[in-house]
Amino acid sequence: MYIIMGVFTTIVNIASFYILVEIMNVDYKAATVAAWILSVLFAYITNKLYVFQQKTHDLQSLLKELTAFFSVRVLSLGIDLGMMIILVGQFNTNETLAKILDNAVIVVVNYVASKWLVFKKTKEEGV
């Protein structure tokens, strides 16, 4: 299920980036950050509901989980933006192609971080 939701999240990221850069003429760095925000929101919802099937029973737990998810994903933003600056800024790679390449790395980083840091099961949940 993670792969399916990861594909959808990647599509959200690349499509929003493409629209911002190619249609709205937004700078690729700003578009990278905006696409990251949209895709992280999408990823949180789909990971919570469909991948890790986490149930949150109170607002405090939800906010803690959401904060952890976004905090961990800041690492992916750094990787995303860094790769875009290197690929586009240094190697003159097409912006959309660079976004596709960097998403391949981001999917792996995000899965590991989500599984082990955000949606980890506690002893009470059977682990």
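Here the Cβ of each residue, glycine as well, is placed from N, Cα and C on the backbone.
Lifted from Swiss-Prot, the feature list:
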type	residues	note
TRANSMEM	1-21	transmembrane segment
TRANSMEM	32-52	transmembrane segment
TRANSMEM	68-88	transmembrane segment
TRANSMEM	100-120	transmembrane segment
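With respect to Cβ pairs under 8 Å, the transmembrane segment (32-52) is most closely packed against 1-21, considering the stretches 1-21, 68-88, 100-120. Listed by sequence, the residues of this chain that lie at least six past the ends of the transmembrane segment (68-88) yet keep a Cβ under 8 A from its Cβ atoms are 28-29, 32-33, 36, 40, 43-44, 47, 95, 98-99, 101-103, 105-106, 109-110, 113-114, 117-118.
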